Amino acid sequence: MIKCKSSKSSMVNGVQSNISAFFVSKAFDGGSKQMLNGTIVHDIFQKAAISSDFSPERIQTFAAEALKSPNYLGQMYSLKLTQADMRQEVEEYLPSLSEWAKNYLHTSPQAGQKQLTLKLPSDGALSKQDATCSVTVTDFMDIEENIWCPRFGLKGKIDVTAGVRIHRRGRKPTERIVPLELKTGKETNSIEHRSQVILYTLMSSARRCDPEAGFLVYLKTGTLHPVVGNHMDRRELIKIRNSLAHHVGNNRIKIDGKSQMAPLPAIVSDQQACKYCPQKRNCAVYNRALERDPVENCSEYPQAFVQSESEHLSQVHLQYFSHWLLLCTLEAHTMENKGGRRNIWLQTAQQREKSGGCAGNMQLTGDVSVLSDGVYKHSFERKVGDQTLTGLIVGDRIVVSDQDSVLIGLATGYVTEITVSGVICSLDKNLSKYSSNTVFRLDQDEGAGGLSTHLGNLSMLMENTPTRPPQFIDSLSSVLPRDAKDTVANILKGLNKPQKQAMKKVLLSKDYTLIVGMPGTGKTTTICTLVRILHACGFSVLLTSYTHSAVDNILLKLKRFKIGFLRLGRAQKVHHDILPFTEESCRAKGIQTLEELEQLYNKELIVATTCMGVKHPIFSRRRFDFCIVDEASQISQPVCLGPLFYAQRFVLVGDHQQLPPIVQNAEARSLGMDESLFKRLEHHSDAVVQLNVQYRMNSAIMSLSNALMYEGRLECGSERTANAVLQLPSRAQVEKELDLYVCQPQYSAWVQAALEPNSPVCYLDTSEVPAPETVEKSGISNHTEAILVQALVTLLLKAGCRASDIGVIAPYRQQLKAISSLLQGDAFKALEVNTVDKYQGRDKSVIIVSFVRSNPEGNLGELLQDWRRLNVAITRAKHKLLMLGSAPTLRRYAPLEKLLCHLQQEDMISFENESLIAEFVKFSLMQVTSSSCLLLPMRRYPESTCDKNKNLFRF
DNA sequence: CCTCTGCGTAGAGGA
């Protein structure tokens, strides 16, 4: 869909429009006083319209409220404007707002006096003869009506949807519902303004009776201009739309199986238009980097800016730009196809419900309450009561449409609560005006924004700034302030050697430092300490990571040391204990003036947010001494760059031997999109410091990862870590029970080892069991492995292990489902079943890994081919690591082959056959069924039923 | 083949 805003640069000019479709980042169109004024005046007009009160007093009140609203204060901060400036600007408009209402609003006493000239369509329902008429607005039907119109491929927001009465001399008045477009700029009545109204008229016609006309409201003068688009006008606009859509939609082509950026239409040669175009740099860099026939080779050469905007860039820079533009384009395409908004109109609610992420057949119940300005609380109930709701989760962003996908995108908002038969959510629109039997669908809204942050950052990287290889300062004494020395020395006391080295490296860096944190080496602690040291030295720090939870992890630690910080980001995503530090909470304590806001933004040395949060107004002004990026090895390059622009020096913390950034498009991945900035910069070994002393795994578990990935560099931090084993208080009892229960000649070595604290690593080869995989559309699972996991967990719990100390890991979601469905009940509640990816950064005392894949010659998935994923899976356990899988299948994966070889050498593999496994499973399951509560003492068997000397299982 | 987290939007006007 193409946005309807009809400014010259986005709708009319070929190349410019394409460039602006790529780069919609704020950074290039940072706004202006006039734009902010426009927004605020719109706001005031719309508030007056909602309350049907355009009296000067009321309008003054609305203006005063707007001038201290959080959002506008933020923008004033960005633009370095004062509230007084802004007030003056806005107040100029207020009288004409009242004036406009007096002239055109029918509730006003002398309404309908103004004569307008309508240019009527020749075949229109309006009259041909008299072009002069008067118009009154009778009703405000909607404000900021959101229209997504698949029929024309257009989307947009209509400022005001109004009922109007058109009077013509000697005729009966005509009633229409028409779009009003408000303008605060010059009364140009220009082609751009008129085109925008024509498109809105067209979009309105898809929702209701064709209004045939719309109106431009110029608020500076308070005048109203009718705009009637005839068939030809509409056709021409749609043609422009189609050509733009074509270039945006077909921005990549495949040649010999390889994708590349498709050529754009010829660059425009309008010096006047280019002069002020916000996309100037992007246009120039794009042209230099991607066009086969760059303009400098052209004979006529009107775009001198292409040269001046890009001459600082070398071939390497341009290559980086075009390479990542392609990668982002490929990835954006895949993401859009996957969970894009188009499914709202392409799929019925029933279809979409099956794949999850949609709730159809919903009706409004109860009243809609106003939570705050522009936030309305709605309760929906399922019309057909017996169906359970699937897919939607609290916190999801949603789009509300009507069930038949005619009124698409009526409102957007967030799910706040899920009940048995309904959903409660906060929406940006009040839907109570729709009749009570309107049926709605709520769709999960995934891919908003696309990759605009990536591209915006990429563009910013192309800015003309000095570059150089990493440099370092010679001595610490020159960086440490004298009065901070003692504090710093004190803080350093708690650290181990590599951690201390890391601190030193950071302090001595002039540009950047990479901290490689191998599993369990205390990355969070190290970052926390680093922040404390930098804080003590009086440095400002921007603290970021890709996820909210990673940011909050560090902040939770920092909070304990009473270090002050400001946390940016949506309250709903922030950890509960960190909420008091968020901008939102601080503002709630009463920020009315720009000075107070500036104070808040500048108060703390430490500011924390996610990498994607760099669009915040604070970054248009504030700069930091250091930027620390946690989990940097999991962040794609263009995203990681974002926060770095705002700091003098930066520190990336991560481990490229663990999971890389997620890239959905296979081609983009193969072209290197999953290479993080962390990995790329690791080549500068001067800037790298390794944390190799770990406090998580005991020595046996650690040895796996050392053999697989770290070539023996990983060390245990203490004897205690190295020798720590699983404590199972009731183990003896369980083993006795086992003895009593199963008395067969082949005692299961594996089951015994699984419970034995002194064998921390056990691998069960299920190839003889056998345990074949199941491949379904929804994913891959392995039922037998799931049962074995259940049996093991049951046994561990029985032996006295706490459920919260056990973690189950599988590479596939479908397997997690299979396992979870077996582990129902309160006793398993605290147990965590999750994917490898989700376990990154975490640990548990006991980890059970189910590898799932087991087939004689079938396909190998991509997941298990990745060394890094396996490395993560085997480094989560502190005391005991139990693995299940079919060795012959798994040996076809190179990483697993290496792991299995090592396990074999160490004699950590057991083979079991079907009957043994069956007995073991039967035993453990019997325990489940025989006692409803697992943690009660076990039923005792009579002594006589067991032959003690044999120490065997028995039926 | 199947791993998943971030993003509030669309439009504010200038020349």
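Heads up, the Cβ atoms here are built off N, Cα and C, so glycines get one too.
Record features (TrEMBL):
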DOMAIN    A:26-163  domain 'DNA replication factor Dna2 N-terminal'
DOMAIN    A:349-446  domain 'DNA2 rift barrel'
DOMAIN    A:495-586  domain 'DNA2/NAM7 helicase helicase'
DOMAIN    A:598-664  domain 'DNA2/NAM7 helicase helicase'
DOMAIN    A:673-887  domain 'DNA2/NAM7 helicase-like C-terminal'
Tally of residues which DSSP labels helix, strand or coil - the domain 'DNA2/NAM7 helicase helicase' (A:495-586): 52 helix, 15 strand, 25 coil
Recorded stretches the domain 'DNA2/NAM7 helicase-like C-terminal' (A:673-887) and the domain 'DNA2/NAM7 helicase helicase' (A:495-586) touching, at least 3 CB pairs under 8 Å: yes
Reported mean pLDDT - the domain 'DNA2/NAM7 helicase helicase' (A:495-586): 94
Residues in the domain 'DNA2/NAM7 helicase helicase' (A:598-664) grouped by DSSP into helix, strand and remaining coil: 26 helix, 21 strand, 20 coil
DSSP-assigned states of the domain 'DNA2 rift barrel' (A:349-446) in counts, ordered helix, strand, coil: 9 helix, 48 strand, 41 coil
